[in-house]
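Undergrad: Pasting a structure below so you can have a look.
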Amino acid sequence: MYVNLEGNVFLQYLAWVTYPVVLITFSAGFTQILAPQAVGSGIPEIKTILRGVVLKECLTFKTFVAKVIGLTSALGSGMPLGKESPFVHIASLGASLLCKFMSLFGGIYENESRNMELLSVACAVGVSCVFAAPIGGLLFSIEAMSTFFTVRNYWRGFFAATVTAFMYRVLAVWNRDEVTITALLPTNFRQDFPFDLQELPAFAVLGIVSGFGGALFVCLNRQIVQLIRNQKTIKKFLMKKRLLYPALVTLLVSTLTFPPGFGQFMAAKLTQMESLETLLDNHTWSKQGIPEEFDSNSHSQAWKHPQVNVFVTLTLFVVMKFWMSALAMTMPVPCGAFMPVFVIGAALGRLVGESMATWFPDGVHSDGTIYPIEPGVYAAVGAAALSGAVTHTVSTAVVVFELTGQISHILPVMIAVILANAVAQSLQPSLYDSLIMIKKLPYLPELGWGHHEKYNICVEDIMIRDVMYITLNCCYRDLHDVLLAGHLKTLALLESSESMILLGSIERAQLQALLSLQLGRPRRLKYLRDRATAESRLSVVSHPSSEDGSTMVNQEIAEWEENQLDEQVNFDNCMIDPAPIQLVERTSLHKTHTIFSLLGLDHAYVTSIGRLIGVVSLKELQKAIEGSVAVKGVNVRPPLASFRDSGTSGTIMNNENKARDLHKLWNRRKSMSLPQEHRASDPDEKSK
């Protein structure tokens, strides 16, 4: 419509602005109505789920539908939004739904650890299908999603990512867009002499600048969100008019990118993929004054302007797209930031490459042979460096190699990406960790730089001492009270309230099943039948009225329930975990963090010679790492209190007493029989 309305600028502007506003508004409204969990990239939620936290609404079928339709509309609007992160969420949704479907045929897919393995594989699929880069996608998923990666998932992820990339490129061949399977954006960089060693400082500077740029992007995005949330008037207004904010942001960005207006200085006619394709071009644009330098049939013409040179257009593109992308990411629609940042990095690299080509028109080689500088190489380096700085990953280098189909520039790309990561990680968290902080997800932060002083904190400094538990000889009333008192996922099973010996843990659902079995409808009907049978055998002199009879029945049922609640619990038909994760009170914070991260725990019990003395969860661990150790119910000691003197005689006597108590408790525990799940004996045991 924009092309067909040429000659009427006002109608062109309406066409240019109306479509993005309508599509973004539809995406925001549809997502908000169907599944608000589909808003954003989805990677922060998947990272949290892979750490052991249950976020049920993030992996439902409604979220899948909202994510796909909302993302399609958002990408079609032409806003500076990406699809790589939402595709990770979509792939994870597909894996979760497949697990639920396959669980109808095999119980292994109901296993929680199996689901986690499939989710980690799905993350590789999500990245691979965007860039047709199976190796880079798998490595990116390992870096961005996992703190600890299980090696047995490597071949599974690689297989799934390869199939994904193959299907993506085969579809292009079937649609006659490609002749055969090739790289998504093939380049023709020089192979015999890819770069001169004297260009390495320029690549290093580009990496350092990209590191600062990546940290600035993450900070800018977070500041925009906090500004909106902290201004109560704006927040209250936007809560009432939920669709107004995305519409206004889209209107602003569309107006600034209108080609006859300011958009003519920043190649606004090009889509993100077209911009990336032109930025990776082999030709040099620095001689922009000569029209023959631009191919009239290519998209590179969009970077040419009669009044300003290519340096102005590239600079304006980088600056404007930088804050536009950071602002557009705050809209409540399914979107990511990897692709816009990738394109901005390519433009930054192209700017440096064009500058180098202008300063050294004959190249920097000094032995007399002329090897002109290729600005497209700098664009590839800048794309990998800036996207790596924003996401804190090195695998973006591999993504660039697979995207362009050339690996001859592996050295400059790796140098720039590593330097960009070093700078960005020292200044800001990754974009995904920043979003986790903004959304306040229960995610365990890393013990990175600046946390070494917390290594001498022990578990007993941060644990919750008032633990909810049940005992082996408890009654059903105790179960009822415990279930009403809190919403814990699991409860500790102790020998008795006096000894506090931890025997295991029981899921909340198991306790609810025990209580329902004791007070459920079958037991109630059986009681009423027995009562009716007993009454029929008695000779009744006077017949009470129906109202009096129902009142008496209700009173008797209430008395029966009270009696049932006072009975001792029978744990024979209950599944008990006899080996829950336990920590001793002197376990360091560093070791606790490693155990929680490696096993994906949400809580662990703290014991002292078998006695339960506390529990530590992700919440307490997170607060301890972030510096606010003083939590309610926690006995906080000075940081150096962990280093106690172990050489005094009193301590030796105390250790001997503890050892004697331990032997007594062990002998007592051997005489006890812990109820377990009934199972058939082996033939060898039967023969014995």
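Backbone N, Cα and C atoms are what each Cβ position is placed from, and that goes for glycine too.
Note that this is a predicted model, so its numbers are computed, not measured.
Sharing the feature lines straight out of TrEMBL:
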COMPBIAS  676-688  compositional bias 'Basic and acidic residues'
REGION    668-688  region 'Disordered'
TRANSMEM  13-35  transmembrane segment
TRANSMEM  87-106  transmembrane segment
TRANSMEM  118-142  transmembrane segment
TRANSMEM  200-222  transmembrane segment
TRANSMEM  243-262  transmembrane segment
TRANSMEM  310-330  transmembrane segment
TRANSMEM  337-357  transmembrane segment
TRANSMEM  377-403  transmembrane segment
Undergrad: Counting Cβ pairs under 8 Å that sit 6 or more residues apart, are there three or more between the transmembrane segment (310-330) and the transmembrane segment (87-106)?
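TA: Answer no, regions not in contact.
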Undergrad: Any residues 6+ beyond the ends of the transmembrane segment (243-262) with a Cβ under 8 Å from its own?
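TA: Contacts of the transmembrane segment (243-262) (Cβ under 8 Å, skipping residues fewer than 6 from its ends): 2, 9, 12-13, 16-17, 20-21, 24-25, 27-29, 32, 77-80, 228, 237, 268-269, 320, 324, 327-328, 330-333.
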Undergrad: Which range wins on Cβ pairs under 8 Å with the transmembrane segment (118-142): 13-35, 337-357, 377-403?
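TA: Comparing 13-35, 337-357, 377-403 against the transmembrane segment (118-142), the winner is 377-403.
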